[in-house]
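Novice: Have a look at this one.
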Amino acid sequence: MSVQSKIKRVTVPEIRARKGAEPIVSLTAYHAHTARYIDPYVDFLLVGDSLGMVMYGMETTLGVTLDMMIAHGAAVVRGTERALVVVDMPFGSYEESPEIAFRNACRVIKETGCTAVKLEGGTRIAETIRYLTLRGIPVMAHIGLTPQNIQVMGGFKTQGREEGEWAAIEADAKAVAEAGAFAVVLEGMAEPLAARITGQIDIPTIGIGASPNCDGQILVLEDMLGLSPRPAKFVREFATLGAQIAGAAEAYARAVRERSFPAAEHTYSMKKAK
């Protein structure tokens, strides 16, 4: 009797090995239902703290809690078989000390079943990245426009548009790579700088509003599907589901009011008497 082989999940070493090779494909995911649809087509899924804005209507990601990330991370892991799953560490869960970061990252790994966590920041959190990786927790880094620091940055501003900013951002990239991160997200960054960083470090770069020369790309799923009312410049909508959802809701409302739904085929009949 043949036994169907289980689908093998993408691993951290496989992501690292894609440096300079076939581009790495990624999207965000926040719950099991949509994760099932996109799982076969991506290399990793990011359960991003952007869920605070996308799913909960928050103005920023700062209000997202560790418990929220764990709940959504677990849902995405349950809904996937193939993609490596990375979960964001939310604001306030890792900055205080490497020890606290490790404690919280352990919770994320244990309670979600994900493979890795993502931390925002460069040189300032390199010590924490090193501390986690030495203790068996894979870390994806995130530099450039870091949404958890928008209060300091003064908003969602593209980074590196002036050459005077390049040295600090390049130092961030080198610091996280040397600390042991297996990949780094480059967000909201001038294209020439993102391309330059990609050539400078030996770990994959994942671009979002960065450069086509990055080793991979990521988008927020809802942006890619056309569900965001004001998508950023770097977003390409591969579908227009927002308009389709509105159209479907309008058609449903009309059918209910006209009493054409539910029709006979949508109702249950009595059992025939014996």
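Heads up, the Cβ atoms here are built off N, Cα and C, so glycines get one too.
Small disclaimer: the values here were computed from a predicted structure and weren't measured.
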Novice: Do you know which of Lys19, Lys118 Swiss-Prot groups with Asp49, Ser50, Asp88 in the 3-methyl-2-oxobutanoate site?
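Specialist: Within the candidate list, Swiss-Prot flags Lys118.
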Novice: Out of the recorded positions listed (Ser50, Lys118, Glu187), which are within 10 Å of Asp88 (Mg(2+) binding site), Cα to Cα?
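Specialist: Passing the 10 Å Cα cut: Ser50, Lys118.
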Novice: Including all protein chains shown, what's the count of other C-beta atoms within 10 A of the C-beta of Glu187 (active site, proton acceptor)?
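Specialist: Other Cβ atoms found within 10 Å: 23.
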Novice: Roughly how many angstrom lie between the C-alpha atoms of Glu120 (Mg(2+) binding site) and Glu187 (active site, proton acceptor)?
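Specialist: Rounded to the nearest whole number, the Cα-Cα distance is 11 Å.
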Novice: Let me check the 10 A CB neighbour count of Asp49 (Mg(2+) binding site). How many other CB atoms are there?
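Specialist: Asp49 (Mg(2+) binding site): 29 neighbouring Cβ atoms within 10 Å.
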Novice: Return the residues near Lys118 (3-methyl-2-oxobutanoate binding site), defined as same-chain residues 6+ apart in sequence whose C-beta is under 8 angstroms from its C-beta, sorted by sequence, else 'none'.
Specialist: Leu46, Gly48, Val86, Val87, Asp88, Met89, Val139, Met140, Ala141, His142, Val185
